[in-house]
Amino acid sequence: MTAKGGATPSPGGAGAAAGTGRLFTVGLVTAWYSSNIGVLLLNKYLLSNYGFKYPIFLTMCHMSACALLSYTAIAWLRIVPMQLVRSRVQLAKIAALSLVFCGSVVSGNVSLRYLPVSFNQAVGATTPFFTAVFAYIMTVKRESWITYLTLVPVVTGVVIASGGEPSFHLFGFIMCIGATAARALKTVLQGILLSSEGEKLNSMNLLLYMAPIAVIFLLPATIFMEDNVVGVTIQLAKKDFTIVWLLLFNSCLAYFVNLTNFLVTKHTSALTLQVLGNAKGAVAVVVSIMIFRNPVSITGMLGYTLTVIGVILYSESKKRSNKP
């Protein structure tokens, strides 16, 4: 008993609380991995194996689900406090980010029609290279020479993987590079456009405003570039209603990726998320090869391994350079 008559904290109780916290974190990371890899594999299945050749419409379904579920999570469930858009200028900045984000997701989905997931992930691992390039061009922010040196194996690995990829497709490769570059550009732009304290939005609120704007951008693109997609989808549903459930599940999973990404960052750290992200790419490659049985060459795997090593070295170099 303490001097005030209160019971001292039980060591066993503290240990149980810590164990529960660890289990919760492991559960979050597992959910994040499952949703990330799941939406990637399901996109590949729909666009390539199933034959649903409408990547823009698929992206619009994703963004529609993100808009609806974001509002539900923030306005009703109050997972995070709602942050309001304060000006037309801020809204214009969010719209610009949304446009780049649309380009990234659509290009990535288009690439999955032509490339195996394993190679798609190898190219996607070069995001740090494009981030460093855009950061230098747009902010004249220079990294240490060691940081730039670590980008050499990142790019070299993809070059090697490209040469050894049995299912290489030039258009798919260009789309994949475009998706990776747009993803990096969005990150840099977000840091520039929403850098002031009055404009900063957490990722969940940013998605709340970006998603409906993305739908507005994608709707005319779907109508003009993917002729009669709604009619085709209805005809497919009449033959096999499974397509409706696949689209609904896939769209909800796309939102869950963003939700778990936010929660993992909140309960761990951005650095932990980066490390886990590097490992996720390797897991996605292994799982996709097991499911889709796409041929993989030793040269391709060596190239991808070199890229992953480069990304890990880049992350470590950035971590050290950011230390005071």
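Using N, Cα and C of the backbone, Cβ positions are placed for all residues, glycine too.
TrEMBL does not curate its annotations; it predicts them automatically.
What TrEMBL records for 12-34 (among others) is transmembrane segment.
TrEMBL lists 28-315 with the feature domain 'Sugar phosphate transporter'.
Taken from TrEMBL, the feature transmembrane segment applies to 54-79 (among others). Same-chain residues lying 6+ beyond the ends of the transmembrane segment (54-79) with a Cβ under 8 Å from its Cβ atoms: 43, 46-47, 102, 105-106, 109-110, 112-113, 204-205, 207-208, 211-212, 214-215, 218-219, 221-222, 225-226, 229, 232-233, 247, 250-252, 254-255, 258-259.
Residues or ranges marked as transmembrane segment in TrEMBL: 91-112 (among others). A Cβ distance under 8 Å defines the sequence-distant neighbours of the transmembrane segment (91-112), meaning residues of its chain 6+ beyond its ends; these are 40, 43-44, 47-48, 55-56, 58-59, 62-63, 85, 120, 123-124, 172-173, 175-176, 178-179, 182-183, 185-186, 189-190, 193-194, 199, 201, 206, 209-211, 213-214, 217-218, 221.
Taken from TrEMBL, the feature transmembrane segment applies to 118-138 (among others).
The transmembrane segment annotation in TrEMBL covers 145-162 (among others). Within its own chain, the transmembrane segment (145-162) is flanked in space by residues 119, 122-123, 125-126, 128-129, 132, 168, 173, 299-311, 313-314, 317-318, 321, which lie at least six positions past its ends and keep a Cβ under 8 Å from the stretch.
Among the features that TrEMBL reports, transmembrane segment is placed at 168-185 (among others). Remote same-chain partners of the transmembrane segment (168-185), defined as residues 6 or more beyond its termini with a Cβ less than 8 Å from a stretch Cβ, comprise 100-101, 103-108, 110-111, 113-115, 119-120, 123-124, 126-131, 133-134, 162.
Tertiary neighbourhood of the transmembrane segment (206-223): same-chain residues 54, 56-57, 59-60, 63-64, 66-67, 70-71, 74, 82, 85, 91, 94-95, 97-99, 101-102, 106, 190, 194, 229, 258, selected by CB-CB distance under 8 Å and a gap of 6+ residues from either end. Under the heading transmembrane segment, TrEMBL lists 206-223 (among others).
Taken from TrEMBL, the feature transmembrane segment applies to 243-264 (among others).
As annotated by TrEMBL, transmembrane segment applies to 271-292 (among others).
The annotation transmembrane segment is assigned in TrEMBL to 298-315 (among others).
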Inquiry  = If I count Cβ-Cβ pairs under 8 A between the transmembrane segment (298-315) and each of 118-138, 243-264, 271-292, which range comes out on top?
reply    = 118-138
Task = State the non-local partners of the transmembrane segment (271-292) in its own chain: residues 6+ outside its ends, Cβ under 8 Å from one of its Cβ atoms.
result = 29, 32-33, 36-37, 40-41, 44, 49, 116-118, 121-122, 124-125, 261, 264-265, 304, 308, 311-312, 315, 319
Task = Quickly jot the same-chain residues contacting the transmembrane segment (118-138) by Cβ under 8 Å, restricted to those at least six beyond its ends, or write none.
result = 40, 108, 111-112, 147-148, 151, 154-155, 157-158, 161-162, 165, 167-168, 173, 176-177, 179-181, 183-185, 187-189, 192, 278, 281, 284-285, 288-289, 294, 296, 300, 303-304, 307-308, 311, 314-315
